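Student: Just dropping this structure here.
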Amino acid sequence: MAKVAVVTGSGNGLGKGIAHRLGKDGFNVVLNDINQEAVNATLEEFKNEGLKAIAVKGDVSKREDQFNLVKQAVKEFGQLDVFVNNAGIDVVSPFMEIDADQLNKAFSVNVHGVVFGTQAAANQFIEQGTKGKVINACSIAGHESFEMLGTYSATKHAVKSFTHVAAKELASNNIRVNAYCPGVAGTAMWDRIDEEMVKYYDDLQPGDKYKEFVDGISLGRSQEPEDVANLVSFLASDDADYITGQTIVTDGGIVFR
Ligand SMILES: NC(=O)c1ccc[n+]([C@@H]2O[C@H](COP(=O)([O-])OP(=O)(O)OC[C@H]3O[C@@H](n4cnc5c(N)ncnc54)[C@H](O)[C@@H]3O)[C@@H](O)[C@H]2O)c1
Ligand SMILES: CC(=O)[C@H](C)O
């Protein structure tokens, strides 16, 4: 029987690339996004390629939506093997302008989402009595805190911490919990980050902050969704069975850990 993978926030960006790779790897894929139009369009593309997938709309920050996502996956495909907590949002703000709304929104999607997704997946793995894999979206910002990305960096440090603790607590249930930490990929997220950041500089044009970050990549190019998907594909595979609690950087050489 084909294995089943859920990828949250897979209507666009890195999540779409990850879901596509897992589909090519032979997984039945459960797409999820808060954006119904995007996730439906992605489902259509996948189906046209012959990939086996369904789409479930949901907001990862809502615990009930995460449990419903797992329920729909099992209803359609009979089991769950891999749960990728990919969905995340950005926040750009100088430290002195961080407000409660920014903190609440970012923590609710990036941190609550990962906690609730992990709980929903682990609950199912334990019920099945099978091994399971949870794979979280961290970031280079979970290893180093970037100026103007203070709130976002704090959420990714929290993802790293929850990856560690979930890996420790769930190992006895045969569940591995790891994270991928991308660098700088030219998705819609970086369009927004660049747009917000350049507003704070009189001498910068749109695109300049993105270029500055890309110029800092040792391997000399920005990241593609496929680069991230390569790592997630490995973490989802049996070859990664002896790995848990790791937050692995894939950034072309920006932060060195
Ligand atoms: N792009 C990068 O350079 C980069 C670098 C490091 C880490 N990351 C992380 O990778 C993940 C994906 O980033 P991306 O660049 O593809 O982002 P993106 O904004 O391009 O895409 C994110 C997707 O998640 C969906 N989403 C947002 N909030 C949601 C919610 N509450 N529930 C369900 N879906 C929701 C969006 O609709 C969108 O389809 C994020 O966790 C991000 O923090 C991205
Ligand atoms: C968006 C992100 O996580 C890094 C800083 O590019």
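Residue numbers in this text run from 1 along the chain shown.
For all residues, glycine too, the Cβ spot is worked out from N, Cα and C.
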Student: If TrEMBL gives ASP33, ASP59, VAL60, TYR152, LYS156, PRO182, GLY183, VAL184, ALA185, GLY186, THR187 as binding NAD(+), which of ASN48, ASN86, ASN173 does it give for that site as well?
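Tutor: For NAD(+), TrEMBL names ASP33, ASP59, VAL60, TYR152, LYS156, PRO182, GLY183, VAL184, ALA185, GLY186, THR187; of ASN48, ASN86, ASN173, the listed one is ASN86.
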Student: Across all the protein chains here, work out how many other Cβ atoms are within 10 Å of the Cβ of PRO182 (NAD(+) binding site).
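Tutor: PRO182 (NAD(+) binding site): 24 neighbouring Cβ atoms within 10 Å.
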Student: For the NAD(+) binding site, please report the maximum Cα-Cα distance among ASP33, ASP59, VAL60, ASN86, TYR152, LYS156, PRO182, GLY183, VAL184, ALA185, GLY186, THR187 in Å.
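Tutor: Taking every pair of listed residues, the largest Cα separation comes to 25 Å.
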Student: Enumerate in sequence order the binding-site residues ASP33, VAL60, GLY186 whose Cβ-atom distance to ligand 2 is under 6 angstroms.
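Tutor: None, as no Cβ falls under 6 Å.
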Student: What's the CA to CA span in angstrom from ASP33 (NAD(+) binding site) over to TYR152 (active site, proton acceptor)?
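Tutor: A Cα-Cα distance of 20 Å.
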Student: Can you tell me how many other Cβ atoms are located within 10 Å of the Cβ belonging to VAL60 (NAD(+) binding site)?
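Tutor: Other Cβ atoms within 10 Å of VAL60 (NAD(+) binding site): 28.
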